[in-house]
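Engineer: What Swiss-Prot lists as domain 'Pyruvate carboxyltransferase' is 6-268, and the listing cites sequence analysis. If you look up Swiss-Prot, you'll see 15, 203, 205, 239 marked as Mn(2+) binding site, on the strength of similarity to another entry.
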């Protein structure tokens, strides 16, 4: 039996656009879609065609021009949404409808005003209606993590019989715990009688900061598709961050034993593009793509990394397309890191000069919140002037 592969479904352009303050225009969406295809995602959820004319045109443009990847469009379980999605995806190389209806009792009572039987009937009818209009049909049970498990199994079983190829299990409000969500995925796999050959998808929100953990738990328990967004953008607290899920799978291949189609060297470029087009800056300590993700300030850590990067790095910045800027020099930095930085700047100092320059650096670092490259050059040039009687002005060869 071959190595199992996880399908990467990117919803940056649909769920990601639901981030408060984010509004992609059609050109933005197309640019991101091209980059997602270059990144190697399997499915791009391009938008919600029935939501607006602008979203319809954006989805249509992506379907018309972006090839080599499945293009998905979302719609409610109503004929008008399904028809609109079908029209938008007409020229897609491979099309997918992502149709949804809520299944939790709280949604049925307060939002849909429907009974369980009515929801089940509507779900089955709309999947049957969509059959033949798309290459694939994905059915989502909205608020699955708060739905009665046996009812969820019944819904999934009947929509599969109706023609669904993928069943999605959304933790819509980020309520589930990792073990609990994994157990739900396993329960579905073990109790839906016609599940063989059907893709089980995980879609997790980050309201409790657990979207990535829940996604990985789902994969561990049998989910074969994971739904993610670049930089974790999305409704409220966001979605599972693509870069974190993928690099967890990469870094712990020994644990998960799975492969995917992502070209990880495009992760940083993709993250940067989405950050620029959304206007959402990444926090410096953001995992994988934050400015500090591969930087070390402690002298002990810096010394370890100089000797062998594996001492304090579990992945290489080059693996995600980042040019290393390994050391953040500051008051906690040690002499080894300082000396390496001085050499990288092109200076060739004697041991005595290094000692004096390092003393000046530590004194400055105690007084200055942020040390930049020009600060290093200043203390080195000042030291050279004191020892040699002149400022070098340029790096020594």
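Using N, Cα and C of the backbone, Cβ positions are placed for all residues, glycine too.
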Engineer: Could you tell me the mean pLDDT the prediction assigns to the domain 'Pyruvate carboxyltransferase' (6-268)?
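Structural biologist: Mean model confidence (pLDDT) across the domain 'Pyruvate carboxyltransferase' (6-268) is 98.
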Engineer: So around the Mn(2+) site, 15, 203, 205, 239 aside, which residues have their CB within 8 A of the centroid of those CB atoms?
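Structural biologist: In sequence order, the nearby non-listed residues are 11, 170, 171, 172, 204, 206, 211, 227, 229, 234, 235, 238, 240.
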Engineer: For residue 15 (Mn(2+) binding site), what is the tally of other C-beta atoms lying within 10 angstroms of its C-beta?
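Structural biologist: Excluding its own Cβ, the number within 10 Å is 23.
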Engineer: Cβ distance under 8 Å to residue 203 (Mn(2+) binding site), same chain, sequence separation 6 or more: which residues?
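Structural biologist: Looking at Cβ-Cβ distances below 8 Å from residue 203 (Mn(2+) binding site), excluding near sequence neighbours, one finds 11, 140, 168, 169, 170, 171, 172, 227, 239, 240.
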Engineer: How many other Cβ atoms are found within 10 Å of the Cβ atom of residue 205 (Mn(2+) binding site), counting all protein chains shown?
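Structural biologist: Looking across every protein chain shown, the total is 25.
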